[in-house]
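Straight from Swiss-Prot, the features:
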type	residues	note
ACT_SITE	76	active site, proton acceptor
SITE	11	site 'Important for substrate specificity'
SITE	77	site 'Important for substrate specificity'
SITE	159	site 'Important for substrate specificity'
C-alpha cells in the first residue's frame, strides 16, 4: 500500500514522520483535499470532527486515482469550549475573542483520524482536556501579533508560543498538535502499513 497524508499541515507531516521511527522504508506522499468544513445544523462536535476527517481521507483518495493501492490518512482537530466548536480564527479580533474565552479555563481538543482505502475507512477519535492559565490582555495582544494563532483551531498552537499558556493537559499531547500518534500507529498497523 502507498500511504498518503491528506493534509499540507507541516505539524501533521512532522508527526507522521515520527511514526516511522526513522526507518527509511516508511514514506508517504501528501495531497491537499478541498472539502467544505461548515458544521451541519445541530451537528455535535464529535460527529463534526469525525465527519471532516473521513471526508478529508475520501477526498484525498479521489486525488490518488493514478496511484497503486493508496491508503489515505485524513485528520481534523477542533477545540471545544462548553460544547461550542472553536475553529480557526477569521481575523485578529476573532483570535483575541477566543483566547479571552479560553483564559483560565479548561477546554477539550478533539482530533479524529481516518484511514481510507478503496474498500474501507477506519476511524479513531481522541479527546484531550487542556487547561489554560489566566491570560493578560498584553499576553493575548502579543501572541496574536505573532500571527501564530491564525491557522490553528482554538487560536493557539501548543507546540509553539501558545504552549506558554497551557497550565496542564490530561490526555494526548500529539492529539492537541493535530495527529494522535498512538491511535494513528494503530490504524496503520491494522492496515498492514507498519
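Glycine residues also receive a Cβ, built from the backbone N, Cα and C atoms like all the rest.
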Shortest C-alpha distance to residue 11 (site 'Important for substrate specificity') - which of the recorded positions 76, 77, 159: 159
DSSP three-state assignment for residue 159 (site 'Important for substrate specificity'): coil
Local Cβ density at residue 76 (active site, proton acceptor) - other Cβ atoms counted within 10 Å: 24
Least surrounded among the recorded sites, given as 77, 159, when other CB atoms within 10 Å are counted: 159
Residue 159 (site 'Important for substrate specificity') versus the residue listed as 'active site, proton acceptor' - Cα distance in angstrom: 17
Rounded to the nearest Å - Cα separation of residue 77 (site 'Important for substrate specificity') and residue 159 (site 'Important for substrate specificity'): 14
